Amino acid sequence: MAAAAPGPAPGDASSALPPPLETPRGRARSGAMKLTRKAVLARAKAAELDGVRKLNCWGSCLTDISICRELPNIEVITFSVNGISSLEPVSHCHNLSELYLRKNRILSLNELFHLKHLPRLRVLWLSENPCCGPDPHRYRMTVLRNLPNLQKLDNQAVTEEELSQALVDGEEITAPPTKQNLENSCLKSSDSNTTESTTETESEHLTFTLEETNKIREQLGMKPVPRDKFSSFSPRETDGSRKKRNNILNAVLLLMNELDTEGLEIIHQTVGKRLQALQKKELQEV
């Protein structure tokens, strides 16, 4: 993004962003991030942890979410596109109603044990995790057998017929994952992905679903994208330049949601100047 125009608060808009996530040693480092108290309060714009109701940490390279044990009143958590492998800390969030975990490193469906005693959980997004395995039916049936109060799983409404079928086709989970469970899951995941790279590319970290895109747009006061128009925003778009443009657009919208009034004013000034320059260039080319 271009540099901000001169004004009362020139230069660095990064001061308006939440503090960085930290490793256990307190230094930010890609691939091993710990969600800290300071980061939670900044992102949720709350004074105390028991006042946090919603938390969005999409695409933050998180691996340690132990701070969730100190969020008794949290209702909505967005942890999609991270490196989370254990759901044990979430088991302490008894008011949780929506949990978004798409594209993490959850190896075993036994992790569902940690969600079985969350009485208000109604929405779960767990797709694109290793635990989903090669059989989507078995995966969905197992989730619904253990979490029968869900109303939506992976952005798909749960039906009464599915809940009945889950009692037959789903696997009952009676204990959290053991070390052996995790080792077996690692082996299965490795065998099924021998031809794929284990490292996600930057473009994969910038993929957005229709629901995620519209949630961001709603928070910014923008109209949602209709489903029939979503193809132009999709990361599966064959046009590379359009794919890159839309991924950048969605990433910018997500970051704007973290800015305060001062930061948004800097963005506003910069965008205005950029639009004027582009319009002037178009006029010269006519």
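Keep in mind that glycine also has a Cβ here, set from the backbone N, Cα and C atoms.
Note that TrEMBL annotation is computational and uncurated.
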TrEMBL annotation of region 'Disordered' - which of the ranges 1-31, 63-93 it falls on = 1-31
Can you count helix, strand and coil residues in the domain 'U2A'/phosphoprotein 32 family A C-terminal' (136-154) using DSSP?
-> 11 helix, 2 strand, 6 coil
Taken over the domain 'U2A'/phosphoprotein 32 family A C-terminal' (136-154), the model's mean pLDDT | 97
